[in-house]
Amino acid sequence: MEFVLGLKDLIYLGSIFIGFLTSAVLIFYAQKRQKSNILIGFSFLAISYGIILAFLISSGYHVFIPQLYRTGNIAGLLFAPLSYLYIRNTAKKQKLAWTDFIHFLPAIIYTIDFFPILFLTSVEEKARLIQSEIADPSVFVYFNQSRFFPPNFYTLGRTILIGVYWLFSFRILQQYSKSQKESGSTFGKEWTLWMKIYISCHILLFLPFFILYQIADSQLYFELIHFTGALVILTNSITILFFPKVLYGLSDSPIEYGGNQKSQKDENPEPIPEEKAQFIQQQLELVLDQNQKFLEKGYSINDLANDSSVPSYLLTQYLNRNLDISFSDLINKKRIEACCAKISSGEFGHLTLEALAEDCGFNNRNSFIASFKKFKGCTPSQFSKEQQVK
C-alpha cells in the first residue's frame, strides 16, 4: 500500500512530535524543579498519544498497527484530569491526596469495560474489527463494543468531561488572577499568561462540538473531536516555548495563591499588637534561624505559615510593616547568608556554583547569582576570592 500524506496528516504528525517533545521536557526538568510540571507533562503525553490514534483512524493506517486498537480513549480520559490537577496544584498549592483517585475513575471504568478487547482479543481479530469500521471514522469512535454503555457514550461523555474540567480550571485561574503574589519573580506572571492561552485553546475541544453536534456530517463530527485536539496540542506546545520559566520550572519559589486573602492594608489596617509581634518573631527565629527551613527548594509563605502556626496574611503584614521586607527577599537573603557562611568555611571549594546554589535552596544558577549580587553587591566567585585574600 502506498503511503500518502496530506496537509491534515502532516498537522497530525507535527502535533504528535512536538507534543511528545514538550511532555518529555516538562517531565524531565520537573524532577529537580517544579514537580507539579510532572502532571502537565503527562497531560501533554496523554493527549499526544490520543492524537496518534486519531491520525491512524483518519488516515486509514490503523489497520497496520492493530495492537493499539481502543487504547486512545484511555489517554483521552486522562489528559483533562491531569491538566486540572496541575493547575490546582500549582495555583492553590493543593497536593495530591488519595481522594484524587476519583479523577481517574472514568479511565479505569473504560479499561474494565473494554478489557476483553484490549487484552483478550488477538491481533488478527483486532485488525478485522478495524477494517469493518475504518471506512467511517465517526462510526469508529462510537465504541460499539462497549459492554456497559450504549454506542457513542464514551465520545460524548469524554467531551462533556473535558468541558467540566475546563470550567473547574477556569475558575481556579480566575481566582488566582485576582489574588496578590508575594514573590518578586516573574514566574507567576508568565504562568498566568500562558495558562490563559492554554485553557483558551482547550475551548476547541468541546465548544465547537456542542454547537455543531446536531448538524455536522460524519466526517466533520470526527474532526470536531480529534483534529481540534491536534491543533490544541500544536498551539500549546509552540506557545510554551515563549515561556521558558514555565517550561523548565525556573521559579525561585512556587506561585502563591491568594484565595480569599485581601491586601494587608485592607484586611489589617491596625498595627500588630506587640505581644503578637513578639510571638511571630520567635516563630520566625525558630523556623528560619534554627531549623533553616529556607534551605528547602520552593519554600513558600504557605509553608512558613504551616511551620510557624501563623496565618500567611499575618506573616505578610509583619514582614512588610515590622521588618520592611517581602517574603521572597527574606528567604533569598537568608539563603545568601547561609551561602556566604559555607564559602567562608571553605566548603565552596568542594562545590560547583550550581551545586552551591542547589544546596542553599535555589532552583537555578541565574536566580542564585542575581540574589547574591542583590544582597552582597558582587558575584559568588568574587566573594570567594575576597575571602581567600583575607
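Note that Cβ sites are derived from N, Cα and C of the backbone, with glycine treated the same way.
Just so you know, TrEMBL annotations are computer predictions that nobody has curated.
The transmembrane segment annotation in TrEMBL covers 12-30, 37-57, 69-87, 99-119, 153-173, 193-215, 221-243. Under the heading domain 'HTH araC/xylS-type', TrEMBL lists 285-386.
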Can you count helix, strand and coil residues in the domain 'HTH araC/xylS-type' (285-386) using DSSP?
77 helix, 0 strand, 25 coil
Is the number of Cβ-Cβ pairs under 8 Å between the transmembrane segment (37-57) and the transmembrane segment (221-243) three or more, considering only pairs separated by 6 or more positions?
yes
Counting Cβ pairs under 8 Å to the transmembrane segment (99-119), which of 69-87, 153-173, 193-215 comes out on top?
69-87
Using a Cβ cut-off under 8 Å, which residues of the same chain at least 6 positions beyond either end of the transmembrane segment (69-87) come close to it?
36-37, 39-40, 42-47, 49-50, 52-54, 62, 96, 100, 103-104, 106-107, 110-111, 114, 117-118, 121, 126, 129-130, 143, 145, 154, 158, 161-162, 165-166, 168-169, 172-173, 195, 199, 202
Give the nonlocal contacts of the transmembrane segment (221-243) in its own chain as ranges (CB under 8 Å, at least six residues past its ends).
8, 11-12, 14-16, 18-19, 21-22, 44, 47-48, 50-51, 54-55, 57-58, 137-138, 140-141, 155, 159, 190-191, 193-194, 197-198, 201-202, 204-205, 208-209, 212-213
